[in-house]
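S.K.: Checked TrEMBL, it gives:
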type     : residues : note
TRANSMEM : 101-121  : transmembrane segment
TRANSMEM : 141-158  : transmembrane segment
TRANSMEM : 170-190  : transmembrane segment
TRANSMEM : 230-252  : transmembrane segment
TRANSMEM : 258-277  : transmembrane segment
COMPBIAS : 298-307  : compositional bias 'Low complexity'
REGION   : 298-338  : region 'Disordered'
COMPBIAS : 308-317  : compositional bias 'Pro residues'
COMPBIAS : 318-331  : compositional bias 'Low complexity'
Amino acid sequence: AAAPAVAAAAPASSAGLRTLVGDFWRFTGPRAFAQICQTAFQRADIVLVAALSSPREAAVYTAATRFIVISQLATQAVQNVMQPAVSRLMALADRAGAQRVFAVCASWNLALAWPVHLSIAVGAPVYVGSFGDDYRGTGEVVTVILAMAMLVATATGARDVMLLMAGRSGLSLVNQSTALGVNLVLNVLLIPPFGIAGAAVARACGLLVRTLLALVQVRRILGMSPASAGLFWAGGSALLSFAAVPLAVRFVAGSSPAALAAGLIPGAILYFALLWGGRERLSLTAFASLLPGRRGRAASGPAGATAPPAPGAPTTPAPATEAPADTTPARSMHAHGN
């Protein structure tokens, strides 16, 4: 009787393996091509500027856009923390929990990225001038255009992560390839008449197309949105601290490095104060458990002591239990590492 059972199980096992392999490649294939499109999106405009304008302009454009990498370090850190949490909640069909994580991480993403982009936009003459006097002029325009586009992209959360964790790698490929197509076409059209400013507009348009497509898809398919009280609080705080204050100082004192520092230092102090004031909205209180003495506080204390009961909890002592007569087996197991 065992032989027929094994024979019947073999086709079922083979079919299950084929299904698993098919599911794997249906998700991984589009994801691989999407990654290629994303890499091309980040590099193609530099090549096109060198080909359609000049290598010198390509060097200026490359320097003027390097600030984007700085904010990407922070956003990638947030996304790396977010991905396993969203994946787990999606597997449990907990859409409300996934929405909560999406919104909180969007506010953290904005809180980390906007100060960088606003500071670079306000201090564009200082930032671009740090590479040399030859980089000024059009390089400042490129920096401001892309900084404004990055404000929109970083304010809408990790949209692509939400699509991927929901198994929609095909939509991610559509978004990345569409953005790449828009970027390439506009670069070819705008670089000859406008130079690197046209390349910046092309890249900004591609970035906005990719952002808005994913935002609409997450909203309509998953029913989720990055909007929250924390997002608006972080955005308003960043605009006040890193746009209004430095611009006011620049209007009075000019655009020198000293004037920029005089605007950013008090702006940063104000920003941290505003974040502290809105810590509940931003869910920053979640980090309290990481502070020394916070984790396991209820369990800390001398051996044999118990934590005090919570307010309103019954104070009836638990019935005593007898100790086991012989603990040798338990000691033996621990000694062997089991």
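Just so you know, glycine gets a Cβ as well, placed from its N, Cα and C.
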S.K.: How about the transmembrane segment (230-252) and the transmembrane segment (258-277): do they have 3 or more C-beta pairs under 8 A, pairs 6 or more apart in sequence?
M.R.: yes
S.K.: Can you tell me which parts of the same chain pack against the transmembrane segment (101-121), counting only residues 6+ beyond its ends and a CB-CB cutoff under 8 A?
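M.R.: Distal contacts: 67, 70-71, 74-75, 78-79, 81-82, 85-86, 89, 127, 143-144, 147-148, 150-151, 154-158, 162, 218, 224-228, 230-231, 233-235, 237-239, 241-243, 246, 264, 268, 271, 275, 281-283.
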